[in-house]
């Protein structure tokens with residue numbers, strides 16, 4: 001019986017790196033952010049263009065323009081999620097079906113808003129990636145194009161880290177470097193029966 005792992009963590013916590021560590025241990029990983037970026041170049045385009053006119057260019061969603069629309073009216077986030085989340089779920093289900101056919105012991109869904117979207121009900125175990133708030137802030141503000149305002153807007157839409165940790169089956173502390181995180185990933189897989 002395949003175990004579906006849901007990986008989550010607030011922005012700048014080291015989730016992408018941790019997902020790579022699971023992949024290096026042979027776990028198939030689906031990155032929900034990458035799925036969304038793909039949808040922004042494919043089937044979500046006409047739906048987003050209809051909901052938010054002027055946010056697409058040359059058959060692709062212009063993420064800058066879409067971001068401006070969302071910042072002007074945060075209620076638009078819900079409308080966008082109503083469009084995108086079902087499409088993402090379809091991709092996740094196809095990914096999990098393939099992993100089952102391939103007789104994998106584990107499959108990992110990397111879902112930034114796992115708790116916020118109720119996705120924990122679709123996974124067997126939840127792993128939360130966390131680190132100290134000052135490390136998180138430093139990581140995020142060093143990203144190209146990131147501002148304090150954008151960071152605060154993203155944080156406001158995410159469940160507080162302490163609550164995520166409390167609801168997790170496992171927590172990976174990414175604040176002590178990649179090798180320490182790798183050891184934690186291996187330990188989680190051992191506990192789950194790898």
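Every residue gets a Cβ built from N, Cα and C, even glycine.
The feature domain 'DPCK' is assigned by Swiss-Prot to 4-194. Here Swiss-Prot flags 12, 13, 14, 15, 16, 17 as ATP binding site.
Residues 12, 13, 14, 15, 16, 17 make up the record's ATP site, and a Cβ search at 8 Å around their centroid adds 9, 18, 129, 131, 139, 174 from the same chain.
By neighbour count, meaning other C-beta atoms within 10 Å, the densest spot among the binding-site residues 12, 16, 17 is 12. Under the DSSP three-state reduction, residue 14 (ATP binding site) is assigned to coil, being neither helix nor strand.
Residues near residue 13 (ATP binding site) in space but far in sequence (CB under 8 A, at least 6 apart, same chain), listed by position: 129, 130, 131, 136, 161, 174. If you take the C-beta of residue 15 (ATP binding site) and look for same-chain residues 6 or more apart in sequence within under 8 angstroms, you find 7, 8, 9, 110, 112, 129. The number of other Cβ atoms within 10 Å of the Cβ belonging to residue 14 (ATP binding site), over all protein chains shown, comes to 22. Mean pLDDT, taken over the domain 'DPCK' (4-194), works out to 95 on the 0 to 100 scale.
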